[in-house]
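**Q** So Swiss-Prot lists the following for this protein:
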ACT_SITE  Ser563  active site, charge relay system
ACT_SITE  Asp646  active site, charge relay system
ACT_SITE  His678  active site, charge relay system
CARBOHYD  Asn76  N-linked glycosylation site
CARBOHYD  Asn97  N-linked glycosylation site
CARBOHYD  Asn154  N-linked glycosylation site
CARBOHYD  Asn257  N-linked glycosylation site
CARBOHYD  Asn383  N-linked glycosylation site
CARBOHYD  Asn453  N-linked glycosylation site
CARBOHYD  Asn610  N-linked glycosylation site
SIGNAL    1-19  signal peptide
Amino acid sequence: MGALTWLSVVAAAASTALAMTPEKMISAPRRSEVIPNPSGEIGVFSTSQYSFEKHKRSSWWSLLDLKTGQSKILTNDSSVSEILWLGTDDSTLLYVNGTNADVPGGVELWVTQVSSFTNGYKAASLPAAFSGFKTVTTKSGDIRFVAYAQSYANGTAYNEELVEKPLSSARIYDSIYVRHWDSYLTTTFNAVFSGTLKKGNNKKGYTLDGAVKNLVSPVRNAESPYPPFGGASDYDLSPNGKWVAFKSKAPELPKANFTTAYIYLVPHDGSEKAFAINGPDSPGTPKGIKGDANSPVFSPNSEKLAYLQMKDETYEADRRVLYVYSIGSKKTIPSVAGNWDRSPDSIKWTPDGKTLIVGSEDKGRSRLFAIPATARDDFKPKNFTDGGAVSAYYFLPDRSLLVTGTAIWTNWNVYTASPAKGVIKTLASANEIDPELKGLGPSDVSEIYFKGNWTDIHAWVVYPENFDKSKKYPLAFLIHGGPQGSWADSWSSRWNPKTFADQGYVVVAPNPTGSTGFGQKLTDEIQNNWGGAPYDDLVKCWEYVNKNLPFVDTEHGIAAGASYGGFMVNWIQGNDLGRRFKALVSHDGTFVADAKISTDELWFMQREFNGTFWDARDNYRRFDPSAPEHIRQFGTPQLVIHNDKDYRLAVAEGLSLFNVLQERGVPSRFLNFPDENHWVVNPENSLVWHQQVLGWINKYSGIEKSNPGAVSLDDTIVPVVNYN
């Protein structure tokens, strides 16, 4: 492995917790999943870290010893964007160089040795910004790969750096989408490409065999991966290198109105046009199953393809069901554990091809479950991981799994687990490595259940540093988005409960009606009920905390939320619960009911409110924070955040709310980021976001006076416009 020194990444936890400040949270190292080598001895992972001193991000790749938990740096070259192990060779790596000496905007593929990373050679030059590489090594020693890039309709890869800037900035559309998430649609789209690195004779290295092939463009209107969140999990390469499977939304349906997606199968060489195994004309399509399909994964023998699919064609939070397709079969594709009341989101086959390991939300966690590949629909899977949230998992030679995950108290946790033994050994955890996270641990978090509107409801409770149950701490009441989402035992760099708590709060983060991971009925009950049962659940949560948690000061509490959580904060402002908080924070939330028609994904609103804007208008207005009877109750100081590139909920929603608050004389502030979307991800912007959010709530909760180290609005580092 060379002369590099292995460093211990598992150290004794600090005896005293250190406050999680916004600066620490944002600048803490962010590590990727750990990918093991074929022998299971070491794993490779990437790290990136932002410096507020240098105002830039650095990145590097490391190796993790899977026996000792020690690590060493493999390369500090920030242009290396991906690294893959080649075949069954423990010593050879393929890496992607994000720069291209020959083609600006392209990438290069390099082959190198673990022991001498810098002595590799260039195997291929690719003409665009390809990413998401997957490889298999054939019996002849060739490397077959797939990756994706932007594409023109004619199948040519799109390279932004080689495109001449148009003379006009006009955009013209004859159909929707016009814009999606944070981008206006153009004539280019994502596509999966295939290629082969040919093994040379007489120890000659690998070279690209011809040009890469676009596997998606022959299917009119197809796109894979599907933006904005699609990636390498939207496609797969069979272990024998013969087949490629990819997901695409239904080409024949308006994409803004339907969630329907198909899984396509195509030869790796593109010799035949891709066909949908579960499309409307496919003989094996399960009856009545028309929703989103995703996560195609080939079996080890390349004879079967597992995937997930929802039933409803307009519902993004429908229950995903596991299906296993036999390559070439015309029989109806069978479901596996089809009655399971959970919604799996990832799949891995066991090496023997007999069992499927799936990840799924489950009671505020993201857990792993083992399911026989031929299981009947009444099979009830059992989890074999417990706390935290699983991010990725890979099989080791002993058939255990190398798992990478997070938790509320750590942004990186690496351990081994198996269906038979559960969690076996923790190899590394960021809270025991990084100074920024030192002292965080499972004791920072607990959970409660309380009687909600119609069923028991779950909530997380997160404690401040040096928590003393004999003292009182103001309540920070956090409301999640979605609405079909959840507060999970996972790390977030945007809404981090521990960062709120360490200002001096006890955070309560409930999972009310509409939340995911607690059974499909709880998720579905929010339909046409946005301000009904969920609001009642939140009221009952506040009442439970007030009565049963004596260390929580509800008299000086605050409430904050984003997206649907932002809507709920706006709804709370105009209802009785709003009077129980000293301050409110609404991030990118809806305010004016009639403005919902401006969103990008129309199927979402039409499903949520049981019809179109014109046919079901009363439903859209049923829970309208901007209704006069609610506006007249506004009185709690409120921070409003809304960003220009949020095309899910247009910035006019935030401006409308701020106008009303100002006109009503309610203490209020408007925070806007012109370059951010529904989220705030730029580190410098994130720091300002945290300064404003925490400074706002600290001012009105009294934390600013009681905790000298707390964030204050006096810390504001950008000019504040005030004409008064």
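First residue shown is number 1, and so on along the chain.
From the backbone N, Cα and C atoms, a Cβ is placed for every residue, glycine too.
Note that the structure is a prediction, hence the values are computed from the model and not measured.
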**Q** In whole Å, how far is Asn154 (N-linked glycosylation site) from Asn97 (N-linked glycosylation site) when you measure between their Cα atoms?
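**A** Their Cα atoms are separated by 26 Å.
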**Q** Near Asn610 (N-linked glycosylation site), how many other Cβ atoms are within 10 Å of its Cβ?
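**A** There are 12 such Cβ atoms around Asn610 (N-linked glycosylation site).
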**Q** I want to check the contact list for Asn383 (N-linked glycosylation site): same chain, sequence separation of six or more, C-beta distance under 8 angstroms. What comes out?
**A** Asp362, Arg367, Leu368, Phe369
**Q** When you measure from the Cβ of Asn76 (N-linked glycosylation site), how many other Cβ atoms are you left with inside 10 Å?
**A** 11
**Q** How many neighbouring Cβ atoms, not counting its own, are there within 10 Å of the Cβ of Ser563 (active site, charge relay system)?
**A** 23
**Q** Specify the count of other C-beta atoms within 10 Å of the C-beta of Asn154 (N-linked glycosylation site).
**A** 7
**Q** Given the active-site residues Ser563, Asp646, His678, find the one whose Cα is closest in space to the Cα of Asn453 (N-linked glycosylation site).
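**A** Of all the candidates listed, Ser563 is nearest in space.
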**Q** Looking at the active-site residues listed here (Ser563, Asp646, His678), whose Cα lies nearest to that of Asn610 (N-linked glycosylation site)?
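**A** Minimum Cα distance from Asn610 (N-linked glycosylation site) across Ser563, Asp646, His678 lands on Ser563.
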**Q** Using a 10 Å cut-off between Cα atoms, which of these recorded positions sit near Asp646 (active site, charge relay system): Asn76, Asn154, Asn257, His678?
**A** His678
